[in-house]
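Have a look at the structure below, then the notes.
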């Protein structure tokens, strides 16, 4: 409910102020036969099926390909919807990261991680930690359920596993009173998330220089925090310092297994980020590079809203016959052509 109110009364007016387009992709003209193929058989027809549909409808193959492209794009959200979603996440990450830093800098275990294990498990659960945990857990639970209705991304399965691991870690550390080290883990992860959402907002607002700058900052902080700080600071205390002070116990193995799984995801995403950056640098297109909207991009949280599409030629073949002179196939009662004019290619 908070998200809906925020997107409606805060994010949307901000998007309007930045002149972000409200309309979605161009809709494909209704066609019963193609719609049936699209919904019941495939959204990406192969060459053989395209030829069959071309003969059945007496349409040009390119026209049918364009219809399927527009129909696929029709289901994708507008730039306005993406901006509102990113602004919601950016606002939450910024608030929770700021809260975490202000709260943790007053604690002793931020500067000496061994304090996470002294007198464990008889450590008091303060109001600050309780509030921090409730906010983080509620947010990630909302992400877990809303990912089935939000913008579909290329890394849906990876993000699903990430949300499962994150929720499991937050819940497990809270139940086992490992809240001190759990707070460190959450604060460390929120640092990079703020920047990637800000970069996406800049991208939707077409501020390309700001987008590139924010993404570069995100890449540096993500890789340094997840591949350096996380194993040296977090895994070191959960694997070795806790072993020395408390000793291994059943839940210790489960907790560290979850943390190591998270590190594997960090390594995978860092590889994709570096691969994307190196590809842009090697092509000499850094100045014009859009890290959040490049062809075949593998970055974790990159929008997968556009298909790899070939541009149809300007002059398309038109079938003219007595049966289709008015743009209608008499045998099937379907629209023979999408329009008399050529459709502009969808972005």
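Cβ atoms here come from the backbone N, Cα and C positions, even for glycine.
According to TrEMBL, the DNA-binding region annotation covers 36-79. Mean pLDDT across the DNA-binding region (36-79) comes to 83 in this model.
Look at TrEMBL and you will find 313-337 tagged as compositional bias 'Polar residues'.
Residues of the domain 'Homeobox' (34-78) grouped by DSSP class, helix first, strand second and coil last, total 32 helix, 0 strand, 13 coil. Summarising the annotation, TrEMBL assigns domain 'Homeobox' to 34-78.
Annotation comment: TrEMBL describes 81-282 as domain 'TLC'.
Positions annotated as region 'Disordered' by TrEMBL: 297-347.
Feature annotation from TrEMBL assigns transmembrane segment to 92-111 (among others).
Counting residues 6+ beyond its ends, the transmembrane segment (131-149) has Cβ neighbours under 8 Å at 3, 92, 96, 99-100, 103, 156, 159-160, 163-164, 166-167, 170-171, 174, 179, 182-183, 186 in the same chain. Residues or ranges marked as transmembrane segment in TrEMBL: 131-149 (among others).
The transmembrane segment feature in TrEMBL is assigned to 156-175 (among others). Residues 133, 136-137, 140-141, 143-144, 147, 181-182, 185-186, 251, 254-255, 258-259, 261-262, 265, 268, 300-301 of the same chain lie 6 or more positions beyond the ends of the transmembrane segment (156-175) yet place their CB under 8 Å from a CB of it.
Among residues of the same chain six or more beyond the transmembrane segment (211-233), those with a C-beta under 8 A of the stretch's C-beta atoms are 113, 184, 188-189, 191-192, 195-196, 198-199, 202-203, 263, 266-267, 269-270, 273-274, 277, 286, 289-292. Feature annotation from TrEMBL assigns transmembrane segment to 211-233 (among others).
When Cβ-Cβ distances below 8 Å are used as the criterion, the transmembrane segment (253-273) is approached by residues 158, 161-162, 165-166, 168-169, 172-173, 176, 178, 185, 219, 222-223, 226-227, 230-231, 234-235, 238-239, 298-300 of the same chain, each at least six residues removed from its ends. If you look up TrEMBL, you'll see 253-273 (among others) marked as transmembrane segment.
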